[in-house]
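Colleague: Can you keep this structure in mind? I'll have questions shortly.
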Amino acid sequence: MTSDGHNALKEKNSSLLSKSIEITAKDIELESDAQSNTWNDQKDMESVSSFGLVNGGTAGLIYMYITTWFGFTCLIASMAEMASMAPTTGGQYHWVSEFAPKSWVSVLAWQTGVTSIAFLVASQIQSLLVVLDSHYVFEQWHATLLIIAVAFLAVIFNTILVKRLPLVETIALILHIAGFFVILISLWVLAPRNSAKVVFTQFTDGGGWGNIGLSTLIGILSPIFAFVGPDSAAHLSEEIRDASLVLPRAMMATTFLNGLLGFIMLVTFCFCLGDIDTILANPEVQPYVLVLKNVTKSNAGTALLSTILIVLTFCGCISNMATASRQLFAFARDNGVPFAPFLSQVRPGLDIPVNAVLVSFSITALLSLINIGSTVAFNAIASLGTAALLSSYIICILCVRLKRWRNEPLPPARWSLGKYGGLINDLAVAYLVLVFVLTFFPMTKIVTPANFNWNVLIYVFTLIFSVAFFFVKGRRIYVGPVMLIKNDVVDSPVDIVKA
């Protein structure tokens, strides 16, 4: 029990692997359906690789991936330094609490993120069924049931099996590395290959923007998903021993490892893609499934290789559920959301925010029901996550940059950017502002209600609602960031630390 009557959050049982598992599960499948940025006119979400192939082509995908890798390296380095200064479950909202208005963007981003990645698993399974069974009828309610089932399993791993998470994450990392080489070797050995000239110089403007440069920039939304969510580690910091040093090291190691593996896999995918128009002709099937089918010429081979990616994506859903629930718990702990006492409760003996986990699952289940009636509406809500996360990154990095510009002292950090901190912060913000604007672009220039990017309306509504809640009620009850940690030396609670 802390001095303010709060229970210490939970036992510190997360390993170094827990910080990289979600992005790990995403990078190897950049070529798959990274749906949290997808807005299109098909009856189902196409893959984000489709977004990049339409806008930019194979060359655009590769060069925008390199650009994104560099931009997110600056971003993650900036956030790693902040995580070293203040390793707290609250993450961004904690870091900017002294300087910026209170916002729900990061909290809601992770809640919609659970839905998005659960939908990714569901759509991967449906894509595989379409390819393997010609009699299978693609139905939206099938996806909804699969989303709920995937989210429920993620809840089980975050509650009943939470003590086994380090083991699960270790197995997932091994599968990630092994699966990477299995898929890579299969593609290079079995697949007919495009020429290097086609892969590295062929740009396309399938969106009809009338400008290859603009079209390629819009296609940057594809590789963003491979890197987005670097703050996920910070939201588990109160469960990590020696977090001020372990966290930043893990975040940077993950950026390098997954950036490299993702680049190798992306280049391989582009070489083995075949005809782009043929791959994009079936909107119900994710491109990577068709590529694997064309390469292996076998249902069994396609199923085996696709299952590796499905399992890794599910592992990402487990980590996403953990992050979303901890972020919700942390904000509720500081009375930043409605029903804060319920959401911030940690039941004795469990040492995990079960209520926050269950509410995160409920949000996912309710959002998935929208998909039955309107995929467009579902896509709009699910697409909130990336824009919300990007804006939260911009705010917290700008706050640190402001202190550097004013020559104000920063909290001590065991992992520091040193004299290059200002430059790295500037590069991160410049990149983030650009891609934040691009997240509101549709796939094509000619828009209809079906393919319009409704993300902008959802985002503005979220901001208006959060600001209204703060001024009506939040400003009277919000107490500022509260960090609950356990003493790493004697494993006993320490006092609450307030900003």
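Cβ coordinates are placed from backbone N, Cα and C, and glycine is handled just like the others.
Sharing the record's features from TrEMBL:
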type: TRANSMEM; residues: 62-83; note: transmembrane segment
type: TRANSMEM; residues: 104-129; note: transmembrane segment
type: TRANSMEM; residues: 141-161; note: transmembrane segment
type: TRANSMEM; residues: 173-191; note: transmembrane segment
type: TRANSMEM; residues: 211-229; note: transmembrane segment
type: TRANSMEM; residues: 250-280; note: transmembrane segment
type: TRANSMEM; residues: 300-323; note: transmembrane segment
type: TRANSMEM; residues: 352-370; note: transmembrane segment
type: TRANSMEM; residues: 376-400; note: transmembrane segment
type: TRANSMEM; residues: 420-440; note: transmembrane segment
type: TRANSMEM; residues: 452-472; note: transmembrane segment
Colleague: Using a Cβ distance cut-off of under 8 Å, indicate which of 141-161, 211-229, 300-323, 352-370 has the most pairs with the transmembrane segment (420-440).
Modeller: 211-229
Colleague: For the transmembrane segment (141-161) and the transmembrane segment (452-472), does the number of C-beta pairs under 8 Å, pairs 6 or more apart in sequence, reach 3 or more?
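Modeller: Answer no: the transmembrane segment (141-161) and the transmembrane segment (452-472) share fewer than 3 Cβ pairs below 8 Å.
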Colleague: Counting only residues 6 or more past its boundaries, what in the same chain has a CB within less than 8 Å of a CB in the transmembrane segment (352-370)?
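Modeller: Residues 9-10, 111-112, 114-115, 118-119, 143-144, 147-148, 151-152, 154-155, 158-159, 162, 321, 324-326, 328-329, 332, 342-346, 377-378, 381-382 contact the transmembrane segment (352-370) from elsewhere in the chain.
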Colleague: In the same chain, who gets a Cβ under 8 Å from the transmembrane segment (62-83) while lying at least 6 residues past its ends?
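Modeller: Here the qualifying positions are 30, 52, 56, 95, 199-200, 216-217, 219-220, 222-224, 226-228, 230-231, 233-234, 237, 243-244, 247-249, 251-252, 255, 259, 262-263, 266-267, 270, 393, 396-397, 400, 413, 415-417, 421, 424-425, 427-428, 431-432, 435.
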